[in-house]
């Protein structure tokens, strides 16, 4: 592997481990990417030493171009980008403001969608960023395919619209953000809302959106709290 971007590689590796610790993907499925420039991104790759999402290290994170070729000499020796690299590439192409894409397979998100339970703003101060995210709508890409080529990725991006997240029916979740941290934390919020929705349904209840006046009263606690403190907690809780 070529040198460079040590801190960025570690951040992507930490993000993969956080996703696994939060149950967003089992085993070795799922990947996180970080835009480096207009043509290249860091992404968790497949290789002879990978051990699964929960044990991702910086050595699993490699620099590639948008076509999956090495982003620097020696970068992919013995490694290959994930099959769903086009998913990451097309989300980043369509969103100049996005720096990171997370693709995971959260069981609760898949189950809630298949049960007909949309991701709705059913909570308030329990998760303020999550409530606001859900209030804006969480769209669904209605195909359970492996998003392994540009055509399928463009379909998913079209379903995503202008929203930062999209549920992939029978498959998982794609989340984007202005940072790796934001993209992962958004995925955690969607998963949390899906889990709550399933618990409500199991108890015989029905989803009810937070009243509009309560939603409007929720403050923006700022990135220092919503992202900074939240991310330090996610990394620390892994031990």
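Each residue, glycine too, has its Cβ placed from N, Cα and C.
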Pick from 62, 171: which one does Swiss-Prot list with 84, 103, 105 for the same divalent metal cation site?
171
Check each residue in the chain of residue 84 (divalent metal cation binding site) that is at least six apart in sequence and keep those whose C-beta is under 8 Å from its C-beta; list them in sequence order.
31, 103, 146, 147, 148, 153
Three-class DSSP assignment, residue 105 (divalent metal cation binding site), comes back as coil
Neighbour tally for residue 171 (divalent metal cation binding site), based on other Cβ positions within 10 Å of its Cβ:
20
Neighbour-count leader, CB within 10 A, binding-site residues: 103, 105
103
